[in-house]
Ligand SMILES: Cc1cc2nc3c(=O)[nH]c(=O)nc-3n(C[C@H](O)[C@H](O)[C@H](O)COP(=O)(O)OP(=O)(O)OC[C@H]3O[C@@H](n4cnc5c(N)ncnc54)[C@H](O)[C@@H]3O)c2cc1C
Ligand code: HEM
Ligand code: SF4
Ligand code: SF4
Ligand code: FES
């Protein structure tokens, strides 16, 4: 596991921590969307902020795979059996914030990115 | 583990239909692929699909969603799937099957070739536009032919014929059904039932002609074809679908000399072996003890027996029950066992016929009145499950068997789950018994979802869902597991209990409530429910910081999200009255922001396709012109529909528009367990259809009659008369009390109609509480409503004056651009999602 991550970091030297937005842009216990430029092209990212939890920040793909609409950041955040999740606002499937996996359908997973707070800045690894 | 296995046997399955595919799944699940190298031939272009739901192909489902599996599944398990390749011979001398591409050697063959629709030998039956109803391709052909047709005829009034007729009707054809027998569905119903069915179907605009034998089909005068009947009467039509029964596709078996029944069908034994033990047959092509089984469940049972035969298992085919429960052209039809009572000498009947409600029920019972031998239902299948259990399990009938089919306000006296024996079949599609369900629970399942996963129950036609749930609930309770009524995993309270907690303790935020009385982060069930309770109690703007994370996106952005992520904008147009000036503004705003406009059923105008970042500007302009939010996004008061009333209408006795506007302004913004709709009519002619609303008001000479708990939508319910000849003030206070009582006591997402149906004591109880104040709550309810009314503010006006709140209305927090993936095209001169 560890080696795999390390290798990946070496192989993709263009993957870096880049600033995305500021803490003031976030809404506690809810999501906002941000535009992300990466080497592979642009992406839309949903950022969730759960202050007080062990992991406070999460970055997931903003596109809802079931409807094709870019709306994940606008879903309701909650937990299912302790796992923090967001419910798609369109057809209500739940995605785990931790790894993007869909609770209702194992074959579907949203992309996730490492994300953290750097002072007042929110930085993402992409 | 690694010892070289003896070479695999070659198994060929001919036919990739429902049953053939079920066998493949069984082979995979039971590990039989270790012994067999499997090749499947399918004549159709498509991989096995759900023929039972074939008609849904016309109501929006495509081939992909009807498919039972994928090519990947076959590939993954190393099964060779050769679609679009029909087998045309089985050469038993050398054990090879032959197609036009190659010869394939086999060790075992399974015939699963199904059946074909029988087309009666009528001269002219092969004319263009004479079609059948069995495959996706047939349906494509019907759809194509219907494009140039105005009328359609189905020959055959059986189960499939009526399904075909419904499809033709759906394609906007003037439709007729021609049946040779004296009644429709002669196999399932008797003459009374058939007559009732005819009446019901004719009211749907489908013409029914019985006792008609078509002699020939020729060129028509007014339509493409003319059908000439035995009495020289004629019927002209553009399109004909034959549905005169099915015949087994036994040609391969016939040609290679297997034993065939007198009227067709490949003869099989209990192991599904044909007269050549190398060859098996299953599904509709197989003839077992002189019977063909034209349903999918017996076919699946044969597939299981065939698997056992191939793997030296024990399972045998032992016949199957042909009871059916159907909805044909919207009419319930059920048939159980010996429904005609002609297979059991000495059998006695009970019959119940209601020509007003158009319902017919019949019981066939043994001569001693103890056992149910058969039953027939037309018009209401609500009685089916209970009767089926009596029949299937040979349960002793109650003293007065007629009680099982007599109408009672609660439907048939339900047979409690504990009365069912372990062997009772709960799900017939997957042959799941009550015993199987108990086994799943004993193995550790603690909820419905796990039981479904374990047993597959309820994953076929879905007809058993209610029964399954009641059995699971009952068994869980019996095992001491409390069946949970709580709203979700975060609160062990019902909505009503939460409401009382919030009200009594004066809790104002979700975080406070979850801290004191729940746990975890909450979820998309409890958060909006609590938001609604907080709003009903305190009516603070829903966009206040503490409430934002609770709301459904619709409430957060105060607009309804549409399927492509854009929003609709619905300003309030109280009572449906709007000045020309305001109408102009709506048009201008729609033009400026490229919005699609539509007049809704609620007498107002929806503007669709607004981008998130445009919402504040759009509302800014609307509010400037005097509009306010219409709460179309909320579980709250929607609209008060009104007729034009005494101001203009020559029949009107009161000013219905004026009253509608007063009511709408009084209750706008009231958050409730579900949406609330009102209607006000100016006289008894009821042009506003107020009796289909939660609150209906109808003018009388002396004041207003109040109706409550009506509903349109999926399950329409007439509102009930609650109070008569009320003055304006009495009307307001009665509705105040009624609505607040509903808001306080209903479950989440429970409309007034369902709430009322579940209310113990019914309408009388409701009248006592509201009109006679039996609980002494009247004043409190009115006061509470007054608080909500006093605290009303337009949420949009509130939001656009607060820069913090406006921050949310950006597609991206770090970028100005709009979402580039929202793509629109135009249709009928307006934009719509691409
Ligand atoms: C409109 C409609 C509604 C129905 N509704 C219901 C219902 O509500 N409930 C119910 O229980 N049943 C219903 N049925 C019946 C049910 O669909 C059948 O019982 C079931 O499909 C039978 O399965 P099968 O595999 O035996 O035959 P099929 O599903 O017909 O499959 C046979 C397959 O074999 C192929 N084939 C035939 N000959 C060859 C050959 N020589 N080489 C290669 N391939 C060949 C055929 O093309 C076909 O694809 C309905 C049927 C229809 C048409
Ligand atoms: C995602 C779900 C739904 C959305 C987005 C939606 C949206 C709407 C909208 C915007 C209107 C116009 C109302 C107005 O002018 O205020 C409307 C009207 C209506 N809706 Fe829905 N609706 C939904 C679900 C339903 C359901 C499930 C039912 C049935 C139970 C239903 C029944 C109706 C009826 C009957 C009207 C007409 C109102 C009238 O004549 O008074 N809707 N809907
Ligand atoms: S309900 Fe009566 S008053 Fe209203 S439009 Fe109809 S006829 Fe006129
Ligand atoms: S009936 Fe209602 S829910 Fe269905 S498509 Fe129309 S608006 Fe949508
Ligand atoms: S009876 Fe069809 S799914 Fe259970």
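Cβ coordinates are placed from backbone N, Cα and C, and glycine is handled just like the others.
Annotation comment: TrEMBL describes B:10-297 as domain 'FAD/NAD(P)-binding'.
Here TrEMBL flags B:323-387 as domain 'NADH-rubredoxin oxidoreductase C-terminal'.
Taken from TrEMBL, the feature domain 'BFD-like [2Fe-2S]-binding' covers B:426-472.
Under DSSP, residues within the domain 'Nitrite/Sulfite reductase ferredoxin-like' (B:562-624) fall into helix, strand and coil as 29 helix, 14 strand, 20 coil. Residues or ranges marked as domain 'Nitrite/Sulfite reductase ferredoxin-like' by TrEMBL: B:562-624.
Taken from TrEMBL, the feature domain 'Nitrite/sulphite reductase 4Fe-4S' applies to B:634-755.
Within its own chain, residue B:687 ([4Fe-4S] cluster binding site) has B:643, B:644, B:649, B:681 as residues 6 or more apart in sequence whose C-beta sits under 8 angstroms from its own. What TrEMBL records for B:643, B:649, B:683, B:687 is [4Fe-4S] cluster binding site.
For B:687, the entry in TrEMBL reads siroheme binding site.
Non-local neighbourhood of residue B:683 ([4Fe-4S] cluster binding site): B:646, B:649, B:651, B:652, B:653, B:654, B:698, B:699, each in the same chain, at least six residues away, with C-beta under 8 Å from its C-beta. In the domain 'NADH-rubredoxin oxidoreductase C-terminal' (B:323-387), helix, strand and coil residues by DSSP number 7 helix, 33 strand, 25 coil. A 10 Å cutoff on Cβ-Cβ distances gives residue B:643 ([4Fe-4S] cluster binding site) a total of 26 other Cβ atoms nearby, all chains included. Neighbours of residue B:649 ([4Fe-4S] cluster binding site), defined as other CB atoms within 10 A of its CB across all chains, total 17.
No contact links the domain 'FAD/NAD(P)-binding' (B:10-297) to the domain 'Nitrite/Sulfite reductase ferredoxin-like' (B:562-624), because fewer than 3 Cβ pairs that are 6 or more residues apart lie under 8 A. Per DSSP, the secondary structure of the domain 'BFD-like [2Fe-2S]-binding' (B:426-472) breaks down as 25 helix, 4 strand, 18 coil.
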